[in-house]
């Protein structure tokens, strides 16, 4: 596995001086080889994504057994925090990582201000006053986690771009293993109750940042991409936000949960492979990587949705002992299975597609079914899936019409936009 990922990284970073494009037909043999490459990156990346998401799930599971109010306020706080916060030259990769950390840290300040008033905002839009108050308290205690994420996410991309997945997995596993006892002590023994979950998330995320930072600064594997902090980080801020703002809109208009950790890991692997091949001037290989990712996604979606459907009667007990909550989880399980299946074939998401799919189709349908037809939670989820299905159709059309040769040329032009040092 190490040979494959290292070779992929070398091919992506050592760009050809000539502008020729390598032709590679989409054959079964080529697809099989690409499945192996994507699998070698996706396997550990899925594990990394799962361990990071499990921190929130473990805290939520413990809080759920404190009562319905604690579960509701904590769940809504984590959801809101998720949507309101959370192939390059060697030297340039390190500089861009510093730029991303600095830029995201700046963003944390206005987001923190929003979080401070989140309880009042929830009450203003009609949320239950008691839930709003508890959610407002919880999300304020999540602010340290927000700043940790500002450093953690760029570090993850730094390692991912170089296919250094195992260090990420090791750091994430250490953080997760320590998160369990920390959460138990802070939630059940310290008197903080559900606020202890927020404190535990902050401690565990900062621990992950520290471990990754130490590896980045002292490991020989990062020797070529490790650069000292300099004034050059300010040069890329404008370009960073040019890409970051549409990406943030994209994330805010879709749903994130632990069940999507596997598609996220696959997407990260395919993204790495596509960027590597486009940067190396191999558009046809990038196309094969997309097909490989689609194959993995469909298989994963079928397995995961089937497992969830079979265990729908007991899944709710992990989060609450209240029968009403468990029964509602059971009733919602088929819709969640459909959501997983649709997400498995979505692939790359675009902000403009999300705006059309969710705002023009998904949200109106959800409002109609959830409030006017009194389907409540089921109606809201059906609306979300309506938007997701429209999204799949639009993205399939866009992907099939993509000019990969043009994308490869654009990638090379972007890489050479700044002189090599």
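Placement of Cβ uses the backbone N, Cα and C atoms for every residue, glycine included.
Please treat TrEMBL annotations as automatic predictions, because they have not gone through curation.
Marked as transmembrane segment by TrEMBL: 69-89 (among others).
According to TrEMBL, the transmembrane segment annotation covers 101-118 (among others).
Residues annotated as transmembrane segment in TrEMBL: 138-156 (among others). Same-chain residues lying 6 or more positions outside the transmembrane segment (138-156) and placing a CB less than 8 Å from one of its CB atoms are 48, 73-74, 77-78, 80-81, 85-86, 97, 100-101, 104-105, 107-108, 111-112, 115-116, 118-119, 168, 194-195, 197-199, 201-202, 205-206, 208-209, 212-213, 216.
As annotated by TrEMBL, transmembrane segment applies to 168-188 (among others).
Sequence-remote contacts of a segment are chain residues at least 6 beyond its ends whose Cβ falls under 8 Å from one of its Cβ atoms, and for the transmembrane segment (194-216) they are 52, 55-56, 59-60, 62-63, 66, 70, 73-74, 77, 134, 137-139, 141-142, 144-145, 148-149, 151-152, 155-156, 158-159, 167-168, 170-172, 174-176, 178-179, 182-183, 185-188, 222, 226. The transmembrane segment annotation in TrEMBL covers 194-216 (among others).
TrEMBL lists 240-262 (among others) with the feature transmembrane segment.
The transmembrane segment annotation in TrEMBL covers 325-345 (among others).
The transmembrane segment feature in TrEMBL is assigned to 357-375 (among others). Taking Cβ pairs closer than 8 Å, the transmembrane segment (357-375) reaches residues 253-254, 381-388, 390-391, 394 in its own chain, all 6 or more past its ends.
Taken from TrEMBL, the feature transmembrane segment applies to 381-404 (among others).
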